[in-house]
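Student: Mind looking over this structure? Questions follow.
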């Protein structure tokens, strides 16, 4: 008998639905259609959404529509059918689907460790609480380096990543498994060998990480990432060079009351930012907020309780001295600098949790719940998105998906020009193993499935293969608006008008559905040789009605002032980002391109400097409506679409020739490093 645990409250809308509260145990009976599960609770039989149940931290919100397989007999060595001597019963398994087979169709054994005991990479959770073993294989995450120019057949399906398998939160399916005693013995022997290899690899990794931390110690001390082996003097590149900021999340938290309290190495780097210190002092809290967003540095700001306290007396406090810190508690209130309403996750983690693994799992769970709140989605939303994921046998997948060349590479995956069922498509390959990875992918898929508009990328389906997910979408022959802006072509205002109007149509569609994109930028807009303009990348999309409005997300150059300042954000934020895209088309780069910090800082306090914009009066007026600092006075998308500027834009047929000339000569291996969607 298999039991499931409810991860949330659910009230059935009809009599054939079960109702339960978080933490209740539900007896599993069978899986039904549309992501629902049939179970038994307190003697009542009914259905409920799979997104609200879990078993040993493996949520079933991503259950696939795979048939339930029952097997009560096994073949012995002589080939005859005999009853199994294993104690295995009906169980829940985390599949690697058919992808666990190699090219010959045979499964290869692979092991990992769960709760200190050896097991297969696909642990079977039995009804009696014990762990059995099956044989499986983990696919190589570096799929981009193993895909042939002509076909999928050269994909290297190895077991090199078996150590990651224990923590994987992957698409689950139901099956019953029986294992012969001889198989269990063989697997146990293999497990011992694998555990030894795993231990050796872990020790090597720890040594490598320690060395890396020692080598990069100076990197964490400053504001910027330093190239390996470079000195501090060599790191002072020119202002025209795009700088890479250091990730200071693991650095010592700051407690500051003024700019002078910031560490010297950071203040030294700030001299390269071309931001006057006086401006930073006048907008110190805003500066700290931007600094936290860019570097993830933990910061606490001390604010005077009594404004009449002399500034000189406050400045004499040495925050590195224990006595001064104790005195500061009577003079200041402490305010943690945040980029969202739920920044401090540690405050929500139960204090009694002592085990590091349990605490890490709890922290991850809280972070994902926080993200769902801020984007206005639910576990049901993710469960519905997971129903578009397909599990195809490896023998068929190599015939149905054929990769050609890579057309894009981003932070979360690679994009390939491919054939799916003999139809040309784009396939984005992403890791799909950890809870965070799965949550992010399902969130994007969920919003894409809600959209059906000619100016928004059309999502087809997703295919699970090992620990990777292939996100299949329509193929677009062309490139990004960022690539178009950086080309030698100089856009006329009439051409800018066509692109802008098409993009506004996509934004209008989202706003009508009570959604905001929150990451509109030139790299997230595709233009095709057919004269089409499509909005892509819905990873930061959110619901206006259900989501949190105070959350700092997006791309620094395109971020609206209200989002940078920590105010409530809604539809006007997308309008601001749209305006920056228009400026990039006109001037080939967004304002303050040389520094993300400078762009965010001055966009938040000064807005856009209109006198420097040389264009027609109606275009300048349209941009003025986009860049109104007060979001309540900023134009709406419908009002912008009726603006006179867009009445003189070029036609689709005219733009078709422009985009064809722009992208027809580009190499097939030319990629956009900013991502695809």
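Placed from the backbone N, Cα and C atoms, the Cβ positions cover glycine too.
Not measured: the values here are computed from a predicted model.
Per Swiss-Prot, the features are:
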ACT_SITE  519  active site, proton acceptor
BINDING   407, 408, 409, 410, 411, 412, 413, 414, 415, 428  ATP binding site
COMPBIAS  79-94  compositional bias 'Low complexity'
COMPBIAS  105-126  compositional bias 'Polar residues'
COMPBIAS  127-146  compositional bias 'Low complexity'
COMPBIAS  158-174  compositional bias 'Polar residues'
COMPBIAS  175-192  compositional bias 'Low complexity'
COMPBIAS  209-224  compositional bias 'Basic and acidic residues'
COMPBIAS  230-240  compositional bias 'Low complexity'
DOMAIN    1-58  domain 'SH3'
DOMAIN    401-646  domain 'Protein kinase'
REGION    72-244  region 'Disordered'
Student: Kindly state the mean pLDDT of the domain 'Protein kinase' (401-646) in the predicted structure.
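Tutor: 93, rounded to a whole number.
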Student: What whole-number distance in angstrom separates the two most remote CA atoms of the ATP-binding residues 407, 408, 409, 410, 411, 412, 413, 414, 415, 428?
Tutor: 14
Student: Based on Cα distances to residue 519 (active site, proton acceptor), point out the closest of the binding-site residues 407, 409, 411, 413, 415.
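Tutor: Minimum Cα distance from residue 519 (active site, proton acceptor) across 407, 409, 411, 413, 415 lands on 411.
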Student: Which residue counts does DSSP yield for the domain 'SH3' (1-58) in the helix, strand and coil classes, in that order?
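Tutor: Secondary-structure breakdown of the domain 'SH3' (1-58): 3 helix, 30 strand, 25 coil.
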Student: Taking the Cβ of residue 413 (ATP binding site) as the reference point, list residues of the same chain whose Cβ is under 8 angstroms away and which are at least six residues distant in sequence.
Tutor: 428, 429, 430, 431, 471
